[in-house]
Amino acid sequence: MPPPPPPPLPLLLLASLAAVAAGPGCPLGRGRAATCVDPQLRTCSDVAYNHTAFPTLLGLRSREAVESSSEYILLSVLHHLLEGQCNPDLRLLGCAVLAPRCGDGRVHRPCRHVCEDLREACQPAFDAIDMAWPYFLDCGSYFASVEEGCHDPLEKLRGGLDAEEVLPSGLPPTFVHFTHHSYAQMVRVLRRTAARCAHIAKTYSIGRSFNGKELLVIEFSARPGQHELMEPEVKLIGNIHGNEVAGREMLIYLAQYLCSEYLLGSPRIQRLLNTTRIHLLPSMNPDGYEVAAAEGAGYNGWTSGRQNAQNLDLNRNFPDLTSEYYRLEASGSIRSSRIPIPQHYWWGKVAPETKAIIKWMRTTPFVLSASLHGGDLVVSYPFDLSKHSQEEKFSPTPDEKMFKLLARAYADVHPMMMDRSENRCGGNFLKRGSIINGADWYSFTGGMSDFNYLHSNCFEITVELGCVKFPPEEALYTIWQHNKEPLLNFVEMVHRGIKGVVMDKFGKPVKNARILVKGIRHDITTAPDGDYWRLLPPGSHIVIAQAPGYSKVIKKVTIPARMKRAGRVDFILQPLGTGPKKFLLGPRRSGSAVRDPLGGASPYGEPQEPGQEPLGARRQPSAGGSKPWWWSYFTSISQHKPRWLLKY
């Protein structure tokens, strides 16, 4: 199927393209005296300063000249061309060149280090659409050093989030405020928590929402910021639907709780954080949350704010690998592991939030995950897409027993899920123990949990926290009390099963070796350091380790019913002789190697090192010297063309 045509730009932007200018002007000299004026530029209306000067750094002598320039037009449409990637950072950086800050009678050039950091982060997004890095964002030409008195154009973007939120007088720093948190408040709480527990916590961003909000994660570990050998990694994600806010608040509270309890010497929390790396993403959909929060608790509609700013349901936006799994299962040629993302997926509308999660999964060897939702009171587990296309019917994964254990680990210690009243919220699930196979409840494609299982080593469940999607503030403390123990109990389940290291006879780790379990047609692969984690239910299992070029090794392991710490099972692989190499392949594909924009190429769909390919390419790359798909945005309107955007 050919890729769909590029989306139409807003009419106002198309009208503006008629005035596209031909190319670069002359830069303004350094240290030049200037007359400061109001910029009055719509695309740059949110910059962190009030005055600019003409001529600009590009030699443009008036506001009208700036607005008619191809550089300005590019900034106006870049948000759409890159589908939200690097927004609004790049626009603000470009504005600092087109309309530089003016103060004290002189022009302040934007900071070179800010430009360099952004180029490193955003170059893949340009590569993905075959667009050259804009000449006016050349970090060596129009930017200055800190010593030269440069201006940080992203200062305002970060400013409101860095300030310390003052707690009410007399309250200790361990105080947890059980309230709804705005985006800025959430970020302040997470950063303050990481600062209090800097030896075990740190915050980091996995990307930005379509409207430019950081997707901020706080992690807890004995060595935050790095993967430790055989330390399992867990992620908890809230607010994938913007109007389902209880999960967002639970993870904000959990972050503060883990920090405080660790500092207070809690044996359980110290043991957990010393043996586990935990990542909390309270809000995957901060743009949708803003829509829901504007209506407020008690007034929010059932769907207001559910989607992201592109009107996409993020839990329907992931690649549909389950249909492919069913097709391959029917042909008898599948062990459900690391199914590659089909190329046509990238031709559709993929949210930047979705891309961020996929890339996150590629860079971190997650073992266990939970997505926190609202609207009912139940724990569901994969598959979410029914095997029976015309009906919602029980559709288990090969790891059905393990998924039921994971779901019960949450539900069995949740007081309301165990409440025997059928009239309560979620009472219709009571006879099932408040857990359900997702497809047996309702079937849908593009879900995050199915994708986790089929594309990575990660087992993810979905937790519905209550029937009210946006609960009133006075209910939050009770919801926290109901979910604190289930959250901890679930995270501790990452230590069930076996773990170990696969190495060769010289002790060198074997990356991407396969760990197979007889009777369970789902394999996991080793991390770059050769370590692995295989969640398994109690009982005896035949475990096989194998990799291309090595003979396989088979071991029998027995997991006691009450064992709460993963058993260590290492494998030493011997190289094959000169005979034919025999090893189990993943699902085969005809034709050329599978490629996708977030990973690399592999004949078996195994993702290679992240960052080797452009991030999130939306269209097929141009071939045979033809112009990229976005070129028509400019050429259909004006004879003046920004050829500096072409790579070739």
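Glycine is treated like the rest: Cβ placed from N, Cα and C.
From a predicted model like this one, the values you see are computed outputs, not experimental measurements.
Listed in TrEMBL for this protein:
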- 1-22: signal peptide (SIGNAL)
- 31-153: domain 'FZ' (DOMAIN)
- Cys115-Cys139: disulfide bond (DISULFID)
- 179-494: domain 'Peptidase M14' (DOMAIN)
- Glu464: active site, proton donor/acceptor (ACT_SITE)
- 584-626: region 'Disordered' (REGION)
- 605-614: compositional bias 'Low complexity' (COMPBIAS)
Per-state residue totals over the domain 'FZ' (31-153) - DSSP helix, strand, coil: 50 helix, 13 strand, 60 coil
Among Cys115, Cys139 [disulfide-bonded residues], residue with fewest other Cβ within 10 Å: Cys139
Cβ neighbours of the residue listed as 'active site, proton donor/acceptor' where a neighbour is any other Cβ within 10 Å: 26
Residue pair Cys139 (disulfide bond), Glu464 (active site, proton donor/acceptor) - Cα distance, angstrom, rounded: 47
Whole-number mean of pLDDT values that fall within the domain 'FZ' (31-153): 86
Rounded inter-Cα distance in Å - Glu464 (active site, proton donor/acceptor), Cys115 (disulfide bond): 42
